Every structure is written in C-alpha cells, then in structure tokens.
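Asks: Below is one structure. I have some questions about it.
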Amino acid sequence: MSSLTRLTLAQVAQKLKAREVSAVEVLDACLTQVRSTEKQISAYVCVLEDQARAAAHATDADIRGRWKGPLHGVPVAVKDLYDIAGVPTTASSPAHELDAQQDPARVRRLQDAGAVILGKTHTHEFAYGRITPKSRNPRDPGRTPGGSSGGSAATVAACCVYLATGTDTGGSVRIPSSMCNTVGLKQPTVGRVHGAGVSSLSWSLDHPGPITRTVEDTALMLQVMAGFDPADPRSLDEPVPSYAEGLGQGVKGLRWGVPKNYFFDRVDPEVESAVRAAIDQLKELGAELVEVEVPMAEQIIPVKFGIMLPEASAYHRTMLRESPELYTADVRILLELGDLVTATDYLQAQRVRTLMQRAVAEMYQRIDVLIAPTLPIPAARSGEEVHTWPDGTVEALVMAYTRFTSFGNVTGLPTLNLPCGFSKDGLRSACRSGRPLDEKTLLRAGLAYEKATTWHQRHPELIGAG
C-alpha cells in the first residue's frame, strides 16, 4: 500500500495545496490500491478511470491558479444510488439502470470543490438491506462489510479513497462504518444535506452522509455537502456553519447522556465493555456524564418499519409489478410486505414518530450528546442471516443491526459512528447522537475522543496482499 493512500483527507489536501504531490499522482496511488484490493473486497460497481484522470489533470491546472479547498484534487467514491451525469445508476440491481442527464446538487458540490470522482460503489440492492452481499469486509473478507453503504465503507477502510458518500435510512452509513472501522455521519439534521438526485428507499427516513477515516475529514466533507437545494423539498434553507471552527475544543463543558434503557439491552458483552471503556475515558477527559431514560424507545423499530415498508413499496410499485423477477428474493419480499401496511397504520406511525421527536427533544434539554453502541453485535460471516444469543434466542441480522441505529432516522438527529475498539471476531464502535442543527458539537465531541485513542489509525492487515 502506498504511504500516500494511508494519509487522511486533511493530510493529502495539504500536500496538494503545497504542490508536494499532484492530483494525478494521488489518483494513480488510489487506482493502484483499488487494483490491489478489488478482488478481495469488490467495493465498486464501476471505476471511472478515464473520467477521473481527465478531472485530475484539469485539477492540477486549477490548483496552480486557485486552490478551491481541502477536497481539491482528492479522489472520492460515490454510492451507486447517487446520479452522475452520463453514468448508469444501477442501485446494484438489474431492475434499475438510469442514465442521469445532469449531476445532482450533491455531486455537483463535490465537483465544484475540486473532488475527483473515482467510481461508484456497491450498495445492498436499492439500499434495502444491511449486508451489501456483493462486497466484503477489508478487515476480514469472510465477513460482511455491512450495508447498505458497504462498498463505500469498504473502499475507505481499504485506503482506496479518502472519502465516500453514503445514504442512511435505518443505519446504512453507520452500520458499515462500524463494521469496517470508519467514521460515518448519518446526514446531519434532516434537510441539512440535500437529497435530490438519489434513488430513494423511504422519503421520510432517508439521510445522506459522508464516510471517512477521521472526524476532521468528516467535517471537511460535510462543509462541502451541506447547503440548500431548491430541487429537494426537504432541504433546509439555513446558514451552514464552519464545521472546522472550534472543532478541537475538547469535551469539557459538554453533557454526555448515557442511556439507562434500550441501548445496552441484549448486547454482546465485548461491545458493552468497549463502549463503557469509551465512556470512562471521556470522563477522564473532563466530560460530564448524565444518565438518561430514552423516551418511547420501544416504539423505535415499529415506527421505522411502519414508515419505511409502505414508502419503499410506493417507490417501487411500477417496477415491481412489471418485472418482479429482477429483484432479489429478500428485497422483493419486503416490497410485497409493504403493500400490506394500511394507510391508517402508516399515519399512526408518522404520528408516533412526531410524539417521539418531541419527547427526545425534551431529553436533549439535559444533555448535548448521547453515547451508545452503534451495533449490538459484530460483523457476521458472509451468508449468515441470523444471530444466536447465548440463551438460544435467534435474532434476524436485519433486526439486530438496525435495533440501535434506527433511533437516529426516526428522530432525525445527526448521528456519528466512531471507532472505539477491536475484538477477536469483529469491530466495536460507538455512536454519538446530537441535537438538531448542532452537528458542530457532535463532531467536536467525536474528535476529542478520537484524539485520545488510536483506533482510527489501524488499517486492515490483508489490504494490499494481492
């Protein structure tokens, strides 16, 4: 592996700005890493080498005249739900192939910032799953990278790119980030990052978000992605703050909520141990810990499915009726199930969601950040569909993996996955959820913990082996 690809986004940006390396050299290093690892992890639907090389050459000319910022000349991967003009959007499914006529705002913002789009990454079909079966985990190719943004997390963890885009409807940025040891931010507050130009799973719950290797890099990418888009009816017309400003202020003065209920129920002992150790370390750093009861927690999963199932089925209604054989069985079953949800049940789920959001907002009057496990269990082996607990209880992986992450989607709060340890059979990551429109505090909290640890610096041993 090239030492260049091991750098963070912030580090390679400084080298590009100082013209110590060229955008073409950075791209070549990333493409070499892709060729070295792709047979192992299968992260990409397509690698846009010719386009990327042309963009890198143009970028080098631009940098000589005007540096556009930390993404200028940096290779980025895009989840194959995002449109790119002239490139098919397949959503990793034979049922869906669209050629976009123009770049949506979120891709255009990356390009305007000088980013070089290297390729499009695999997703679980239509983002409707949590394992991304076509991709593998760079830390153990025998295990799932998680989903649905599994290709994006895998290629970032494998040091093929410095950043990638994802989407998150029930955990699809944070689940693969947890399994691959990357930093993943579920779209900040709903509407903070524009959503037009992406294949939808559930309009009410979909959140875009960045995947990187450090909190600082996440802040840099968010700065570019955030902003108002008139093409997106959910987009927030609110000023975008400077996410880098005050990022290194530490945890002193921040109130960290530690949940007494739900988030530590039925959790792998090693997961709980790692997250509790992270909480203890935060206390040593000066954080104020506040025990909280998460309100209406038992409604998180029913509300998520009560909204997601019918919305996904509505989006796919025509394609499912015309070509059901083109869908994989697991996705087709969920889409057929969504047709059985009544309008009454759907509206009730939306009503309960509103009540939950109000109750959680009251909880956040006492705290600034909530810390809890991202996942209750480690990454499963490829092909596994259930997890068996020590008492013999069997839990479907799709339920286990979204049990905690769905909280962020139902409430609409910004939520960050942050690496917090390893174990003999998988990764352990903690998540932090912040208040609406307060991504800055969430990132500040994450960076303080990251600086006190080295989990984010550990690259996969297998990468580059052949």
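Here the Cβ of each residue, glycine as well, is placed from N, Cα and C on the backbone.
What Swiss-Prot lists as active site, charge relay system is K79, S148, and the listing cites similarity to another entry. Taken from Swiss-Prot, the feature region 'Disordered' applies to 128-152. For S172, the entry in Swiss-Prot reads active site, acyl-ester intermediate, with the evidence type similarity to another entry.
On this model, are these features tucked inside or out on the surface, and what's nearby?
Replies: Within 10 Å of the C-beta atom of K79 (active site, charge relay system) sit 31 other C-beta atoms, taking all shown protein chains into account.
Secondary structure of the region 'Disordered' (128-152) per DSSP (helix as H, G, I; strand as E, B; remaining residues coil): 3 helix, 3 strand, 19 coil.
Around the Cβ of S148 (active site, charge relay system), 32 further Cβ atoms fall within 10 Å across all displayed protein chains.
Spatially close to S172 (active site, acyl-ester intermediate) yet at least six residues away along the chain are T123, H124, A127, R130, G147, S148, S149, G166, judged by Cβ distances under 8 angstroms. DSSP gives S172 (active site, acyl-ester intermediate) a coil state; it is part of no helix or strand.
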